[in-house]
Amino acid sequence: MNDSSQKTNLIGLSRDQLTAEMASIGEKPFRAKQLWHWLYNRGETDFLKMTSISKVMQERLAERYVVRRPLVERELTSVDTTRKWLLKFDDGNEAETVYIPDEDEQRGAVCISSQVGCTLTCKFCHTGTQLLVRNLTAAEIVGQFMLARDSYGEWPTPDDTTRLLSNIVMMGMGEPLYNFDNVATALKIIMDGEGIGISRRRITLSTSGVVPMMGRAGAELGVNLAISLHAVTDEVRNQIMPINKKYPLKELMQACRDYPGASNARRITFEYVMLKGINDSLADARELLRLVKGLPAKFNLIPFNPWPGSDYECSSMRDIRAFSDLIQDNGYSAPIRKSRGADILAACGQLRSESQRQKCSRLNERVAAGIADDHHIPAA
Ligand SMILES: C[S@@+](CC[C@H](N)C(=O)[O-])C[C@H]1O[C@@H](n2cnc3c(N)ncnc32)[C@H](O)[C@@H]1O
Ligand code: SF4
């Protein structure tokens, strides 16, 4: 263990925690406020460059603490300018962060991971086949956005109208509502107006439908909600998203109706991955309209992104357009999501760590040889 990894990382501490940390070394609350500005508005990582802080305090801080992002193992930029960072955490685990610019490339969303892997095994999602799963810490979640800003040189926090990294989608690896506390701490840091300053209106949290946590997410964070719906009957949803057996459609739709803050100005996004012959008929589209009746809803139709070993095919463009047209004819927005970053495997559902791919292929060899135990059978 090197010297810096023994020191406490100040990134990821809430304002109260940072204030308490400063109090523990005898510093007044206004010091925590100054420090917060350096960490989250200026993006400074070197205490000795925090010029509004006295030399003595700079040195005391440097003795005890570090300001650290997750390690970027690789940065890849797609021909379509999507950028992906493969991250390595202190325990050797990996996750990915992706920046997806808008068409005009003046703004864009950072897609952030909430877990290493995911326990939920949705059949169409590569992340769900990863064996190793752990929650990311608040530091690892905030750190993803910070390293994206490092990469684009967007420090100090630019004005909201001139930022490239303008939005956040919690749509990377993992189920954010299965790691609510750390996601909430991280998002509160990110939303703080004296720091990173991304408004809750520019943050979307996507969930596969963890019904009991949806109300809390709305009440405590007030971010936009996206639901990975993907099927209109319990029968099909049970098949492709096992979480539906725990929280079936009726309960999920009720939780959407109860979601605090949803309105016509802030609609709930229903994500719908288009799977050939599974969920893509016009009858499915009609049922979808029936399901969301009365809800402030909009849709995002996602052409299925295949990955090695996946069981599904993407619906034809003709079928996707017909599905989209029917929904739009009924007054809802239903754009077809353009796949971005396919050449760097950065598209939705393709995220899965490199080392995990290697481990899994080794594991497949073990399974073939009959030497893998029950806990380590690959899900795909
Ligand atoms: C990877 S998930 C992460 C957030 C959360 N766990 C969820 O399911 O909403 C983000 C989105 O990617 C979608 N997705 C997963 N695998 C996909 C694939 N192979 N092709 C297209 N979209 C996919 C998910 O359904 C979900 O809407
Ligand atoms: S779609 Fe979301 S919930 Fe399902 S396995 Fe992938 S990351 Fe997990």
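Cβ coordinates come from backbone N, Cα and C, glycine included.
Here TrEMBL flags Glu96 as active site, proton acceptor. The active site, S-methylcysteine intermediate annotation in TrEMBL covers Cys348. The [4Fe-4S] cluster binding site annotation in TrEMBL covers Cys118, Cys122, Cys125. Per TrEMBL, the feature S-adenosyl-L-methionine binding site maps to Gly174, Glu175, Ser206, Ser228, Leu229, His230, Asn305. The disulfide bond feature in TrEMBL is assigned to Cys111-Cys348. As annotated by TrEMBL, domain 'Radical SAM core' applies to 104-343.
When the recorded positions Glu96, Cys118, Ser206, Leu229 are checked against ligand 2, Cys118 have a Cβ within less than 6 Å of one of its atoms. Other C-beta atoms found within 10 angstroms of the C-beta of Leu229 (S-adenosyl-L-methionine binding site) number 28, with every protein chain shown included.
Here Ser206 (S-adenosyl-L-methionine binding site) is positioned 16 angstrom away from the residue listed as 'active site, proton acceptor', judged by their C-alpha atoms. Ranked by how many other Cβ atoms sit within 10 Å of their Cβ, the binding-site residues Ser228, Asn305 place Asn305 at the bottom. Distance from the CA of Cys118 ([4Fe-4S] cluster binding site) to the CA of Gly174 (S-adenosyl-L-methionine binding site) is 5 Å. Among the recorded positions Glu96, Cys111, Cys125, Leu229, the ones whose Cβ sits under 6 Å from an atom of ligand 1 are, in sequence order, Cys125. Annotated pair Ser206 (S-adenosyl-L-methionine binding site) and Cys111 (disulfide bond), C-alpha to C-alpha distance, rounded: 10 Å.
If you count neighbouring Cβ atoms within 10 Å for each of the binding-site residues Cys118, Cys122, Cys125, the highest count belongs to Cys125. Across the structure, Cys122 ([4Fe-4S] cluster binding site) and Ser228 (S-adenosyl-L-methionine binding site) place their CA atoms 10 angstrom apart. Across the structure, Glu175 (S-adenosyl-L-methionine binding site) and Cys111 (disulfide bond) place their CA atoms 13 angstrom apart. Cys111 (disulfide bond) is 19 Å away from Leu229 (S-adenosyl-L-methionine binding site) when you measure Cα to Cα.
Per-residue confidence over the domain 'Radical SAM core' (104-343) averages out at a pLDDT of 96. Cα-Cα distance from Cys111 (disulfide bond) to Ser228 (S-adenosyl-L-methionine binding site): 15 Å (rounded to the nearest whole number). Contacts of His230 (S-adenosyl-L-methionine binding site) defined by a Cβ separation under 8 A and a same-chain sequence distance of 6+ are given as Cys122, Phe124, Arg237, Ile240, Met241, Glu271, Tyr272, Val273, Leu275, Asn279, in order along the sequence.
Summarising the environment of Cys111 (disulfide bond), the number of other Cβ atoms within 10 Å of its Cβ, over all protein chains shown, is 28.
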